[in-house]
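Below you'll find the structure, written out as C-alpha cells, and then a few comments.
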Amino acid sequence: MWRRVALLSSSISSSFLAQTASRLNTWESLTTGIAQQAKGVIAPKEKTPFITFVLGGPGSGKGTQCIKIVETFGFAHLSAGDLLRREIASKSADGAMILNTIKEGKIVPSQVTVKLIQKEMELSDNHKFLIDGFPRTEENRVSFEQIIGVEPNVVLFFDCPEEEMVKRVLNRNEGRVDDNLETIKKRLTVFQALSLPVINYYSEKGKLYTIKAIGTEDEIFEQVRPIFAAFETVG
C-alpha cells in the first residue's frame with residue numbers, strides 16, 4: 001500500500017552521520033525557541049528543541065515504538081490522539097466537537113490540536129519532543145510551523161499493511177472511542193488521502209525515515225535505534 005512512499009524514503013547509509021550533522025547545524029541556525037502564539041514572541045530555551053514527528057496509520061505500532069524511543073533516548077512523548085481524548089474527557093468547550101469529529105473518522109481542526117501540543121511543550125522541561133500521530137494533513141503541518149515556529153528534525157513513518165493495522169486495532173481492547181471496525185476503515189481512508197502529501201513533503205526535505213512495521217517490537221525498534229543513535233553521537 002505504501003510502496004511509492006517507501007521509494008521516496010531516506011536510507012541510513014555510510015554518509016548518515018555527515019547528513020545528520022548538516023541537518024542539526026541548519027536547525028540550530030534557523031531557530032532559537034518555540035513561538036508563543038498568545039504573546040507573539042519567542043520564548044528562550046536552554047536548549048534548541050529537537051522535534052520528531054511520528055506518522056503511521058491506526059494500528060501501525062507507532063505508539064509502542066514511541067514508548068521504546070522515550071525509554072532509550074529520553075524524549076518527551078506527546079501523543080496527539082491522547083491529548084485529544086484527554087480534552088474530550090475534560091468536557092471542555094472543544095471536547096464535544098472533538099468527539100463528534102473523531103467518531104466520523106474526520107480530522108480535528110489543526111489549530112485545536114496544535115494548541116494542545118503547544119501547551120504540553122511549554123510545560124515540559126525536556127527539549128526533545130516525540131510528537132505521535134501528527135501532522136496528519138498538510139494543513140496540520142502548516143499550522144504547526146506557523147504557530148510553533150519550527151520544523152521537525154526527524155519524521156518517522158511506520159509503514160504497515162492495511163489488513164495488519166485493522167487486526168491490531170481490533171485486538172488491542174483499550175476502550176478507545178475510535179477503535180471499532182467502521183471508524184477504523186474511515187480513519188484508514190482519511191490517512192491514505194490526506195497523510196500521503198505530508199509524507200512526500202518530508203521525504204523531499206530529506207527528513208523522512210520509513211520503518212517497515214512488521215515483526216516483533218524489538219525487530220522493528222532495531223530499524224529505529226540507529227536514527228536516534230546517530231543524532232545522539234552528533235550532539
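Heads up, the Cβ atoms here are built off N, Cα and C, so glycines get one too.
Here is what TrEMBL records for this protein:
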BINDING   G59, S60, G61, K62, G63, T64, R172, G215  ATP binding site
BINDING   R85, K106, I107, V108, G133, F134, P135, R136, R176, R187  ribonucleoside 5'-phosphate binding site
BINDING   N140  CMP binding site
SIGNAL    1-22  signal peptide
Exercise for the section: Whole number in angstrom, please: the longest C-alpha to C-alpha distance across G59, S60, G61, K62, G63, T64, R172, G215 for ATP. Expected result: 17
Fill in the blank from the handout: Between the C-alpha atoms of R172 (ATP binding site) and R85 (ribonucleoside 5'-phosphate binding site), the distance in angstrom, to the nearest integer, is 17
Practice task
With a 10 Å radius around each C-beta, find which of these binding-site residues (S60, T64) has the fewest other C-beta atoms nearby.
Solution key: T64
Practice task
Could you measure between G63 (ATP binding site) and N140 (CMP binding site) for me? Cα positions, answer in whole angstrom.
Solution key: 19
Exercise for the section: Pick the one among the binding-site residues G59, G61, G215 whose Cβ has the fewest other Cβ atoms within 10 Å in this structure. Expected result: G215
Practice task
Could you state the whole-number distance in Å separating the C-alpha atoms of G61 (ATP binding site) and G133 (ribonucleoside 5'-phosphate binding site)?
Solution key: 11
Fill in the blank from the handout: Most isolated by CB count within 10 A, of the binding-site residues K62, R85, R172, is R172
Fill in the blank from the handout: A correct count of other C-beta atoms within 10 Å of the C-beta of G63 (ATP binding site) gives 20
Practice task
Given the binding-site residues R85, I107, G133, P135, N140, state which is nearest to K62 (ATP binding site) when distance is taken between Cα atoms.
Solution key: G133
